[in-house]
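J.: I have a structure here, written as structure tokens, and I will follow up with some questions on it.
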């Protein structure tokens, strides 16, 4: 399920801006591509409604219905290439991500219900690997397909991949349902807001990915402006995502299992922030080359993947099992809000001040945000079910 959700996210955040830039679209216009991630930032608006619908009609059945709707959306979107219909292509990708943001609420309910405690590390490791593999297919994979068969062929291939996942989901629907005795009460936002530690949990979700999101949004047009081929950018995207998945599955999972999610956040936040400066250093020292990009960005993504698993394990353990789809999904919106704001802010800065200053500001921002992140982890430690 998380793999399927990663496909439109990869298209929106890892491929769409590259396709636009390759088509000659300006940096200012590309800034609007940040809106494609808006559904992930706003899903808290319908998280409670979706969670309660899952309690009433079954989470598995609703997951399957959203998968079918996504397939139909891809097939329609294939007729609206961005170079001819930018507005329609943008609206279609936003709709596709809205469908999967809704499905994510239902999937989160299953994860929170069954995999809290030290198991959260394994759960989030699996989630990261699956989601990043989906992003690999939707991002770098989409660029490779786009280079060969164009926009329409790319969307049809995406619909076929989602259909295959739909077939896999059919026999698994009954296994995602939470324990009925723990979800008897309706999920309400006011109960979530009153939970102790809410402010620190929200701070963590808002702060941890802001600098990384800005770097990711800036990377795609930067590589195009360096006259790097779309195919090469696609393979670099694949390399980065694989390194992130490995970091989450190995580094993050082991750290949470051995040290607990709270300590793991502190241990992995520091190297993750330090490595955000790799691209600025490469440009400042005039050592920007394909091997250097693969090594620097691969290392950064490896540690970032581990930090990602640790942070979301902490927030999963803090979330209430009585609201399995609401709490965790609401907090995920913090990450998405950061991605939208970062993508929208960094493009104008790069256009006016240049890439070098933009990369430096991203690095400094990541270092400054270490303070609230480490403080939040310490405050949430006694409030999380970080047990074996």
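Heads up, the Cβ atoms here are built off N, Cα and C, so glycines get one too.
Straight from TrEMBL, here's the annotation block:
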- 30-49: transmembrane segment (TRANSMEM)
- 61-80: transmembrane segment (TRANSMEM)
- 86-106: transmembrane segment (TRANSMEM)
- 126-146: transmembrane segment (TRANSMEM)
- 152-176: transmembrane segment (TRANSMEM)
- 197-218: transmembrane segment (TRANSMEM)
- 238-257: transmembrane segment (TRANSMEM)
- 264-282: transmembrane segment (TRANSMEM)
- 302-318: transmembrane segment (TRANSMEM)
- 330-351: transmembrane segment (TRANSMEM)
- 357-377: transmembrane segment (TRANSMEM)
J.: Check the transmembrane segment (30-49) against each of 86-106, 126-146, 264-282, 302-318 and return whichever range has the most CB pairs under 8 Å.
T.: 86-106
J.: Taking a Cβ cut-off under 8 Å, which residues six or more beyond the ends of the transmembrane segment (197-218) line up next to it in the same chain?
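T.: Contacts with the transmembrane segment (197-218): 13-14, 17, 34, 265, 269, 272-273, 276, 279, 304, 307-308, 311, 314-315, 318, 331-335, 337-339, 341-343, 345-347, 350, 355, 358-359, 362-363, 365-366, 369, 372-373, 375-377, 379-380, 383.
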J.: Tell me whether the transmembrane segment (126-146) sits in contact with the transmembrane segment (86-106), defined here as at least 3 Cβ pairs under 8 Å among residues 6 or more apart in sequence.
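T.: Output no: the transmembrane segment (126-146) is apart from the transmembrane segment (86-106).
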J.: Near the transmembrane segment (61-80), which residues from the same chain, at least 6 beyond its ends, have a CB less than 8 A from one of its CBs?
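T.: 1, 4, 8, 50, 53-54, 88-89, 92-93, 95-96, 99-100, 102-103, 106-107, 151-156, 158-159, 162-163, 165-166, 169-170, 173, 176.
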J.: Determine which recorded stretch among 86-106, 238-257, 264-282, 302-318, 330-351 has the most C-beta pairs below 8 angstroms with the transmembrane segment (357-377).
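T.: The listed stretch sharing the most Cβ pairs with the transmembrane segment (357-377) is 264-282.
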J.: Please identify the stretch among 86-106, 238-257, 302-318 with the greatest number of Cβ pairs below 8 Å relative to the transmembrane segment (264-282).
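T.: Out of the listed stretches, 302-318 contacts the transmembrane segment (264-282) most.
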J.: Where else in the chain does the transmembrane segment (238-257) make close Cβ contacts, counting only residues six or more beyond its ends and a cut-off under 8 Å?
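T.: For the transmembrane segment (238-257), the sequence-distant neighbours (Cβ-Cβ under 8 Å, at least 6 residues beyond its ends) are 10, 14, 118, 120-122, 124-126, 128-129, 132-133, 135-136, 139-141, 263-264, 267-268, 294, 297-299, 301-310, 313.
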